[in-house]
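TrEMBL annotations:
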- B:12-31: transmembrane segment (TRANSMEM)
- B:43-62: transmembrane segment (TRANSMEM)
- B:74-92: transmembrane segment (TRANSMEM)
- B:104-129: transmembrane segment (TRANSMEM)
- B:159-179: transmembrane segment (TRANSMEM)
- B:191-210: transmembrane segment (TRANSMEM)
- B:216-236: transmembrane segment (TRANSMEM)
Amino acid sequence: MPLIVGMSLLLGCQFIGELLARGLAVPVPGPVLGMLVLLLALMIHGRVPTALRHSGEGLLRYLTLLFVPAGVGMMVHAQLIMADLWVIGVTLVVSTALTLAVTAKVMSWLNQRRLRRGTGT
Amino acid sequence: MNIVALDQLWVYLSGHPLVSLLATLVAFIAASWLNRKMGGTPLLHPVILSIVLLIGFLLLAGIDYPTYFEGAQFIHFLLGPATVALAIPLYDHLERVRAMLVPILLACCAGIVTAVGSTIGLAALMGAAPETLLSLAPRSVTSPIAMGIAEQVGGIPSLAAGLVLLTGSVGCALGPWILRLMRITDPSVQGFTMGLAAHGFGTAHCFASIGAMAGAFAGLAMALTGLLTAFLLPLMTTLSGL
């Protein structure tokens, strides 16, 4: 039963998220709003129900498997990918390296500043 | 008793959702096993390996993607509730998030602007097709969110998903090397950086090879990046006139 209760909670939040996304016509995917709904609910409730933790963490443990069906869809776009193969390859490598470097730099700099200002704040 | 010819049996079965569902799970198990045998190298990530195995299988068996997806959609559907479930690790680390809120938010915005800006800039500069460009834009966001965003801004969701997966493995290969080069030793910064640039792949990598603290921050970065990009990216593409 915990699995069913947890799953219902997750799907319920997703449902509310979809409703919000369609109803308010905001350009954000429904599940993302569902995640916000769940986060808000958890903050109000004050703890994570055991049933929810079981199904939620179970899903997240196999998160990588869930990407596979969509990834296989690349076979449909083989032509598009082949046409822009170099562009895609160079963009992926250079942009990922830049993103890593900038994020690490900004965060460690701000963090050191925060620590230097003292632990009192 | 009448024995049905094998080829007829295959014609019936290959259109059945059961075959694609089973093939997906078996490919994932085989890929995970192969990856372990190769010493867990991020260059041959189990997901990339399973996709390659499955595409090979589908081409050999003569099954087209829509037929495959009829079975695989049962796995695909779980991406929605899994995205919702990202709220759980986020809630678990709420205290630490509150304490480091300003560095986290600023680093996250800087990372997203760098990721989206450099991606659109580089791809446009080298003359990528518009659909490719818009499918590349959300590539550093975890797949379920990236697919939603790609759909919103006019990219192709399944192409975006594939590019997200490639980004994840590129990030896992480059990340540790760049962090060492920049002499970043704080695990919270290491984790956050990996989670932001390489989403779920980076998170899994942190848990496996840096530690639980880095993993928690990577999960946080993944969720936050997904959330902020979902709001920021449609804005950025509108501003840049795409």
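In case you wondered, yes, glycine gets a Cβ from its N, Cα and C as well.
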Count the CB pairs under 8 A between the transmembrane segment (B:159-179) and each of B:12-31, B:43-62, B:104-129, B:216-236, then give me the winner.
B:43-62
Other parts of the chain folded back onto the transmembrane segment (B:191-210), taken as Cβ under 8 Å at six or more residues beyond its ends:
40, 42, 45, 47, 104, 107-108, 111-112, 115, 140-143, 164-165, 167-172, 175-176, 179, 184, 216-222, 225-226
Long-range environment of the transmembrane segment (B:74-92) - Cβ separation under 8 angstroms, sequence gap at least 6:
17, 21, 24, 142-145, 147, 216, 219-220, 222-224, 226
Do any residues, 6 or more residues outside the transmembrane segment (B:43-62), come within under 8 Å Cβ-to-Cβ of it, and if so which ones?
14, 23-24, 27-28, 30-32, 34-35, 68, 162, 165-166, 168-169, 172-173, 201
